[in-house]
Each structure stands twice: as C-alpha cells, then as structure tokens.
Amino acid sequence: MGDNMDFSEHYGNFSENYVTESYGEFDLYYDPLNETSLSEQGHRSIWVLSIVLCSIACVLGITGNAFVIWIAGVKMKRTVNTIWFVNLAAADLLCCVSIPFSIADIILNSHWPYGEAMCKILPSMVVLNMFASVFTLVLISLDRFALVILPVWAQNHRSITLAWLLCGLVWVLGLLLSLPSMIYREIVVHDDMNITLCIYNHLQDKTEGNQSAIKAIHVTRLILGFLIPLLVIAVCYLLIGRRVSSGRFKSQRAFQIILVVVTTFFVCWLPYHVIGLVIEYGKEASQVMARALDPLAISLAYVNSCLNPVLYVFMGQDFKERVRVSLRKIFEKVFSEDVTLRSSVYSKGQSQLSRATNSSEAQV
C-alpha cells in the first residue's frame, strides 16, 4: 500500500485510533465492501460531521467557559455556587483545549504526529474531563439536596472552604481514574503505510491478562463515570422535587438550570458509553457499525463541554431581559446564591432548631 492511503481503507479503524478514548479491537485493513459496514460515503459524512461538531465545540467551549471562569471566578463574590460552576467550567475548558488536536487527527486520517507523550496526555484529558464534570455535577446535586432536605446541616457546615476541598477531591479522583489511559496508550508506527497511530497497547499485546485489564477499565469507567453518578443525581432531584412540589419551597430557576445541565451531560455521554460497550462486547457486525459511529459519539461528548455557557445564557433570563442586559449580568444571576431558597432554608432550619430546643427543655 502506498503512502497516500485510500480514505475508505483507513477510515474503518478511525474510531479506534481517535485521539479520545477508544474501546475495543480495530482492523487496520478495514474492508469497505463488507456488507455489515457503512458505505464510503457514509464514512465521509461521519468524518465531515465530526469535524464540524468538534470545531463548534472548540470555538464555543473555549470562549464560553473562559468567560464563565472570568465572571464566576473573578468578577463575582466568592460563594459555594460560584465555586461549583468555576470547577465545572475548568473541566470543560481543559477538554476544549485538546479539541484542535482531535480535529487535526481526523483530518490526517488518524495519523498521530505529536509523539508518545502527547498520545498519553491528550486522550487522558478527555477522560479527566468526563470524571471531573460528572463528579462536580454530583457535588452540585448533593449541595442542593442538603439545602432543601437537610437545612440545619447546610446552615452549619456548608462553606466555601469545604467546597474548595471537595473540588480538589474531584480532581484527585479524576486523575487517578485517568491514569489507566496514560499507562495503556502508546504510538505504533506503520512504515509501510507512512502512518503513526495512537492506540491502546492491548491492540498489540493480545495476552488474556492485558485484554481483561482493558475491559475492566472500560467497565469501571461506565460504572463510576456514568451509572453511579446518574443514580445519585436522580435520587437527589427526586427527593428535592417531592419537597418542592409539597409547596414548602418555591420553584427556583436555579434548579431548572442545574437539571438541564445534568440532563445534557448524560444525554451527550450516553452514546459514548453505549457504543463503547458494543465495541467491547458486541458481535462482529455490531462492532463494525459501532466503530463507524464512534467518532460521532466522541464529538457529541465534546459538544457537551461547550453547552453549559449557552444554557446559562438562554435559561438565566427571560428573552426580553436577555435582549436588554449584558452577558455578565446574565451569568451573575445564574451563579448567584438563590436568595429565596436561602431564606426558606434559614427559616426552616430555625424552625427545626427551635422545635428541638423546646423539646429538650420540656424533657428537663
């Protein structure tokens, strides 16, 4: 095969060599005539759409998340809420910074010109973003749960210092869970094709132990990075919803924004995990199709990193207000502590504390 490899011959393994995380086996000599696969035109369409989505995510994500960090982290008074949103924006910004390398990787038909160090670092940044983002969303949900369900505890323990410590813990856990990506990634040079690939080394080392380790990594990623956070967040908002619907708290726009942000995260990352499972455990025909669609799933995960600032703008004000006020005012309203909620929490906390005191005095 010559230096200028035909698009259809190489694109079949695109998803397995893509700069972000890949899951299963890949076939370097993909057969475009395989009836279970997509046509060459289908691959080209996925190729173009992936570039478009990544480009949009890059431009909006870098500018939007940088603006969020500037507003919530620099211009506004430091609160627990602003710390959560700054941490979420920092995770998304980190991911968006790596997108240009991904776009170049797509354009170069998965050729990896950046060396082995970057092969280990860049894919790991995407995994780190996933864990840091979802763990931050869990913290936000638990924080809202404490404010509504455990107001006395929130009044006594909810602090900026604790928020910073928890955000630090999020990054430590994210880094630890991203380490396998660094360990198992390496570059493979194919001189006959004039191409260098960034892949998992289990694609070269097919020993049973190595294969099992990779599968364990992906299952762990699915459970800790998707299923458990989804369960925790769902339970938190189910209980919050019951309390709000009881009429004891007014429905707050802040809750609506956070719910949409959480829902968007899981919708954007669901295809990534589903396709990964199909590639790892599905039948051969399903694996081929999943590999072909994998770039779209990865691009959709990238898009999630640019959506939050957009959601803050479109949900932070009514439409007429959005026209009249500056973006800074919109963001400040989104990130500010909810006065009505805090008043309700404080009143309920005082009421509970008063009842507890009266009960103690009666017993004496």
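Glycine is no exception: its Cβ is also placed from the backbone N, Cα and C atoms.
Database features (Swiss-Prot):
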TOPO_DOM  1-50  topological domain 'Extracellular'
CARBOHYD  Asn13  N-linked glycosylation site
CARBOHYD  Asn34  N-linked glycosylation site
TRANSMEM  51-71  transmembrane segment
TOPO_DOM  72-82  topological domain 'Cytoplasmic'
TRANSMEM  83-103  transmembrane segment
TOPO_DOM  104-120  topological domain 'Extracellular'
DISULFID  Cys119-Cys198  disulfide bond
TRANSMEM  121-141  transmembrane segment
TOPO_DOM  142-159  topological domain 'Cytoplasmic'
TRANSMEM  160-180  transmembrane segment
TOPO_DOM  181-220  topological domain 'Extracellular'
TRANSMEM  221-241  transmembrane segment
TOPO_DOM  242-256  topological domain 'Cytoplasmic'
TRANSMEM  257-277  transmembrane segment
TOPO_DOM  278-295  topological domain 'Extracellular'
TRANSMEM  296-316  transmembrane segment
TOPO_DOM  317-364  topological domain 'Cytoplasmic'
Other CB atoms within 10 A, centred on Cys198 (disulfide bond): 25
Proximity verdict for the transmembrane segment (296-316) and the transmembrane segment (160-180), three or more C-beta pairs under 8 Å: no
Two-stretch contact, the transmembrane segment (160-180) and the transmembrane segment (51-71), at least three Cβ pairs under 8 Å: no
Intrachain residues whose Cβ lies under 8 Å of the transmembrane segment (121-141), provided they are six or more past its termini: 19-21, 84, 87-88, 90-92, 94-95, 97-98, 101-102, 114, 163, 166-167, 170-171, 173-175, 177-179, 181-182, 185, 198, 221, 224-226, 229, 232-233, 236-237, 258, 261-262, 265, 269, 301-302, 304-305
For Cys119 (disulfide bond), nearby residues of its own chain (Cβ under 8 Å, 6 or more apart in sequence): Trp112, Arg185, Glu186, Ile187, Cys198
DSSP-derived helix, strand and coil totals, residue by residue, for the topological domain 'Cytoplasmic' (72-82): 7 helix, 0 strand, 4 coil
DSSP state at Cys119 (disulfide bond), helix/strand/coil: helix
Counts of helix, strand and coil residues, the topological domain 'Extracellular' (278-295), according to DSSP: 16 helix, 0 strand, 2 coil
